[in-house]
Amino acid sequence: MKFLRNIGRAMADAWRLTKPYFKSEEKFVAWGLLAAIIALNLVSVYLNVLYSYWYKIFYNALQAKDEPAFWGSIFTYRFIKGYPWFVPGFAEIAVFNILVGVYAFYLQQMLEIRWRRWITDNFVKDWLTGRAHYQISLMAEAGSPLDNPDQRIADDLRSFVSNNLSLGISFIANIVNLLSFIFVLWFLVPPLHIFGAVIPGYLVWTAIVYSLIGTYLTHVIGWKLIPLSFQQQQVDADFRFNLIRVRENTEQIALYGGEAEETIGLKQRFHAIYLNWWMIMKRTKALNFFTIGFSQVAIIFPILIAAPGYFTGLFTLGLLLQINNIFGNVQGSFSWFVGAYPQIVGWRATVQRLDGFERAVVAAHVQQNAAPGGEPGTMLRADDLAIDLPDGRKLFAQSHLAIARGEPMAITGASGSGKSTLFRMFAGIWPFGKGRVSRPVGRSMFLPQRPYFPLGSLKRAVAYPCQEYDVADQDVRAALEDVGLGSLAARLEQVDNWTLRLSGGEQQRLALARALIVKPDWLFMDEALSAIDEAAIGDLFALLRARLPETQIISIAHQDSVISLHARRARLTRGADGAMELITDAEKLVGE
Ligand SMILES: Nc1ncnc2c1ncn2[C@@H]1O[C@H](COP(=O)(O)OP(=O)(O)OP(=O)(O)O)[C@@H](O)[C@H]1O
């Protein structure tokens, strides 16, 4: 019962993931390809049935030493007496089999890549819209982690689509194969007379019992592979993620001389792969003993069952071998589950991981919507605002806060006091807390201390988050010149890992160039000048103000040289209840 319930749940999950594509704008192509693939597979079943009749003709010709019949069976069509259909020779069946086999697979691959493209686009979109990717990362800290979303999008989707198709199609083909051969076997073999009873289709019953026992035992031995396979995908992804971290932080690691530590860390990660793999190996060994043994017995089993009929003269050699072939097909189809078990195990684990991803994305959107919000206004304003940490601890408590347009404002406070988190709240990405935050109308831009650069050309790095094709080359060059990176202006097309290539100060200058291009109404800088040499800070700030006269600047800053550039100040300090509060320089605050 539990087994059937599990199968039902797996099918429901898989269907939920499958359905959208077959109802999408690509549905006609999808259904067309699927229908063609299934049709070709059915033709293949039909060719198999033809083969079984061909066997009989062929072996009877051999037994009768009938040379013309022998050659005829290889090259020409043969009409079988008593049957309403004809049997082509071996050559014709083989040619059709080749064509059907090649095109069934070709079309299956075509459907696979189209489906994968569609579902990957959708997963990427779901992950990136509504800041779900960020909320998912916060969920891990709030206690419901989703491991390696990248692997789920890249690897799990690939194997889901491919396993779904190959398992689904082979399942359908097997059912049709089974029904066709049961039909043939039932009528081909005379009923068994035993102890005065007559058992029609006794070989069919034998095949059913044999295969059901096989299926049941396979599941008993193999079901533990499902969680192990799930676990394997996770530890593999963890290991790869750690390798990527090393690649991305190669310079820091080299400077720290952290290679030995990294080696141990990677070894430990790999150890998790190793241990889990051992468990998979042991289970697979037990399963293989059974499935390989089962298939070995299946080679001889039908001959053993039918041989008495041959020896008593009831069957010709041709019929005996036909029965063997047909029984093999019936039993093979019944035992589909046995052979496909390892693939089903992988498929189930993949479906679980993708289902987990989808649920996490839904939860992430709910969490994002929980971020305090309010009607946009002319100023940045918060009422009854409280900010918590993901684990529920209180970080910031303030009933009221209003920042109007005016002179640049600097926000200061001790390390870890919550300045960046306050900015996250202003940006609307921090869901932990309550109150109303009314963000100013117009475009806001946030510059973090460590800028992010997408992989690609320098122009893409500067234009980000705008599309590089939406920004004119001369604007990018002018912005680079303005922020003192004129030497880069001639290299816009150069592709590099700019996070590794540029110095910390250059990276921050490049981020300022972005602000010059975007011209936001509100510019939030979170220690965005911290890596720039003291002598240049004043000039760069003056440049920002000159080029962006309409932009309201709010900076988080520690350095006096930066703070002094701001006419308005606010300070995060600990209030009476232990949570932080923002104390503003009231005289200079242009209030409500
Ligand atoms: N995603 C998070 N999960 C858990 N705790 C967090 C998270 N982000 C921030 N915190 C915690 O919230 C507190 C405030 O962090 P925040 O980065 O806002 O401080 P800050 O004032 O900007 O510090 P600094 O001046 O050092 O940059 C810190 O104790 C930090 O550990």
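Sequential numbering from 1, following the chain as shown.
Glycine residues also receive a Cβ, built from the backbone N, Cα and C atoms like all the rest.
No curator has checked TrEMBL annotations; they are predicted automatically.
Going by TrEMBL, these are the annotated features:
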type	residues	note
DOMAIN	35-346	domain 'ABC transmembrane type-1'
DOMAIN	380-592	domain 'ABC transporter'
TRANSMEM	28-54	transmembrane segment
TRANSMEM	85-107	transmembrane segment
TRANSMEM	167-188	transmembrane segment
TRANSMEM	194-217	transmembrane segment
TRANSMEM	286-311	transmembrane segment
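The recorded stretches the transmembrane segment (167-188) and the transmembrane segment (28-54) share 3+ CB pairs below 8 A when only pairs 6 or more apart in sequence are counted, and are therefore in contact.
Summarising model confidence by region, the domain 'ABC transporter' (380-592) averages a pLDDT of 88. Residues 33, 36-37, 40-41, 43-44, 47, 50-51, 53-54, 57-58, 72-79 of the same chain, all 6+ positions outside the transmembrane segment (85-107), place their C-beta atoms under 8 angstroms from a C-beta of that stretch.
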